[in-house]
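Data block below; observations after.
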Amino acid sequence: MRVNNLTPQDLKAYGINDVQDIVYNPSYDTLYQEELNPGLEGYERGVLTNLGAVAVDTGIFTGRSPKDKYIVRDDTTRDTLWWSDKGKGKNDNKPLSQETWQHLKGLVTHQLSGKRLFIVDAFCGANADTRLSVRFITEVAWQAHFVKNMFIRPTDEELVGFKPDFIVMNGAKCTNPQWKEQGLNSENFVAFNLTERIQLIGGTWYGGEMKKGMFSVMNYLLPLKGIASMHCSANVGEKGDVAVFFGLSGTGKTTLSTDPKRRLIGDDEHGWDDDGVFNFEGGCYAKTIKLSKEAEPEIYHAIRRDALLENVTVREDGTVDFDDGSKTENTRVSYPIYHIDNIVKPVSKAGHATKVIFLTADFGVLPPVSRLTANQTQYHFLSGFTAKLAGTERGVTEPTPTFSACFGAAFLTLHPTQYAEVLVKRMQAAGAQAYLVNTGWNGTGKRISIKDTRAIIDAILNGSLDNAETFRLPLFDLAIPTELPGVDTHILDPRNTYASPEQWQEKATALAKLFIENFEKYTDTPAGEALVSAGPKL
């Protein structure tokens with residue numbers, strides 16, 4: 001049903017001319033037929049799997065390309081944005097001149113002109129008061145499918161008179177040959193203009209650039225209104241108790257929040273306002289490397305017709321080899337959130353969070369779980385430590401220790417302390433407690449099992465961890481439970497997983513130094529200086 005009389009003439013306002021045809025808010029059936037069109041070539045063409053989902057290949061970009069991210073520096077952003085060339089903290093918000101922006105915009109609009117285009121109008125944000133109305137324009141059917149999965153799908157009534165607050169023009173097939181003269185990183189670009197409210201994409205086919213692009217925009221708009229904007233998953237229990245799970249890619253946000261005992265609010269991006277926690281998205285974007293029906297049944301069963309697989313190995317008979325990471329470790333699937341049975345309906349939002357869980361994937365120093373004080377909560381939120389997992393960004397093939405402010409520095413557009421201040425206010429008002437959970441490896445090099453981690457999460461959510469006897473871990477001064485139901489007691493103290501305590505001490509000292517060095521960038525403010533004592537002490 002075409003409920004919006006969008007015509008090629010309307011696209012001239014964006015600089016897109018002579019459009020052959022517009023496929024507006026296509027149905028899933030239409031997208032299925034378009035993606036499997038035998039006349040398609042290269043990365044446009046999808047492959048049907050035996051699970052019913054279509055699989056696509058995103059080319060050389062199997063993750064985001066943060067080094068190719070730019071934001072126009074103008075009167076809107078000059079004094080508010082967290083720029084890469086100001087202050088001590090490193091980030092990906094590289095300034096772009098108005099002149100270069102116009103050049104990039106010309107490249108993308110030229111690429112989209114004269115084509116048959118897919119246009120998807122959708123919402124970012126489950127709260128009608130603060131949601132963004134976003135218009136996605138692309139010439140690739142599966143990219144339209146991706147945003148239909150990932151963003152909130154408007155009703156026919158909501159599409160009548162839909163007025164976009166933000167435009168995303170995806171010109172994946174075009175590149176910028178003048179990048180060297182313009183002082184850019186490469187011929188590829190992901191550029192934002194917060195005055196014009198437009199995102200441009202060139203050279204990369206990776207669907208996640210559209211998803212995380214809008215997250216970056218929400219991260220700019222909401223905290224300025226006193227609303228927490230969070231890189232987290234969230235779910236709610238039978239009694240209405242809400243938990244949020246912060247963490248970088250691959251640390252377990254999607255897996256751990258998808259729990260048969262609790263209803264899912266969302267798996268990656270949320271806001272927290274006066275009414276409670278709400279999802280930005282209408283879908284999930286789960287990692288599928290080594291996915292099994294036994295370990296993650298809900299995610300496995302979500303991979304069916306209308307789901308979209310990325311960069312997986314599809315055998316000749318249509319079966320999927322989820323264990324094959326030869327293309328990338330960052331294999332993914334996007335699916336509409338209703339592919340998970342146990343979700344919050346009809347709107348993905350709930351009350352205020354009482355449990356805040358920081359997920360980290362560490363290499364044998366941090367314990368599987370610890371309970372944080374108020375100051376430790378701020379310290380570890382600003383530190384955002386994890387080992388960056390292979391494949392989630394271009395060029396990352398080995399796990400490396402990294403500090404990502406607020407567990408999502410790549411998507412922050414304001415200074416990290418602004419997110420910490422808003423989160424702490426929301427937590428204090430709700431009486432929320434924070435925990436640090438290590439989903440990574442122990443001293444033997446063995447990854448902490450999903451079974452043990454799920455038992456730890458259960459202990460947090462049912463309150464048994466708060467009542468458990470604890471001991472303090474040296475250097476980091478973390479409160480660790482002596483035992484928890486369903487968890488191997490031996491692993492709770494990370495020192496037990498080494499041949500000798502001295503081996504742990506050596507690795508722990510090295511990690512503590514990294515924490516201390518990283519946190520120095522926050523000590524230029526009194527608030528940051530006051531938090532130093534909540535971190536490790538040598």
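Just so you know, the numbers here start at 1 and follow the chain as drawn.
For all residues, glycine too, the Cβ spot is worked out from N, Cα and C.
What Swiss-Prot lists as substrate binding site is Arg64, Tyr206, Lys212, Arg332, and the listing cites sequence analysis. For Arg64 (substrate binding site), the number of other Cβ atoms no farther than 10 Å from its own Cβ, over all displayed protein chains, is 24.
The annotation Ca(2+) binding site is assigned in Swiss-Prot to Asn149, Phe151 on the grounds of similarity to another entry. Annotation note: Phe151 (Ca(2+) binding site) sits in a coil segment as assigned by DSSP. Taking Cβ-Cβ distances under 8 Å and a sequence separation of 6 or more, the neighbours of Phe151 (Ca(2+) binding site) in its chain are Val120, Ala122, Phe123, Cys124, Val134, Phe136, Met214, Glu281, Gly282, Gly283.
The Mn(2+) binding site annotation in Swiss-Prot covers Lys212, His231, Asp268. According to DSSP, Asp268 (Mn(2+) binding site) sits in a coil region rather than a helix or strand. Cβ neighbours within 10 Å of Asp268 (Mn(2+) binding site), excluding its own Cβ and spanning all shown chains: 27.
Secondary structure at His231 (Mn(2+) binding site), taken from DSSP and collapsed to helix, strand or coil, is strand. Counting every protein chain shown, 26 other Cβ atoms lie within 10 Å of the Cβ of His231 (Mn(2+) binding site). Annotated ATP binding site per Swiss-Prot: Lys212, His231, 247-255, Glu296, Arg332, 447-448, Thr453, in sequence order.
Mapped onto three states, the DSSP output places Lys212 (substrate binding site) in helix.
There are 24 other CB atoms within 10 A of the CB of Thr255 (ATP binding site), with all protein chains counted.
Considering only the binding-site residues Tyr206, Lys212, Ser249, Thr251, Arg332, no residue lies within 10 A of Asn149 (Ca(2+) binding site) on a C-alpha to C-alpha basis.
Highlighted in sequence order, Lys211, Phe215, Glu269, Gly408, Phe411 have their Cβ within 8 Å of the centre of the Cβ atoms of Lys212, His231, Asp268, the residues recorded for Mn(2+), and are not part of that set.
Cα-Cα distances to Lys253 (ATP binding site) place none of the binding-site residues Arg64, Lys212, Arg332 within 10 Å. Close to Tyr206 (substrate binding site) in the fold, though at least 6 residues off in sequence, lie Thr58, Gly59, Phe61, Thr62, Gly63, Arg64, Ser65, each with a CB less than 8 Å from its CB. Rounded to the nearest whole angstrom, the C-alpha distance between Gly247 (ATP binding site) and His231 (Mn(2+) binding site) is 7.
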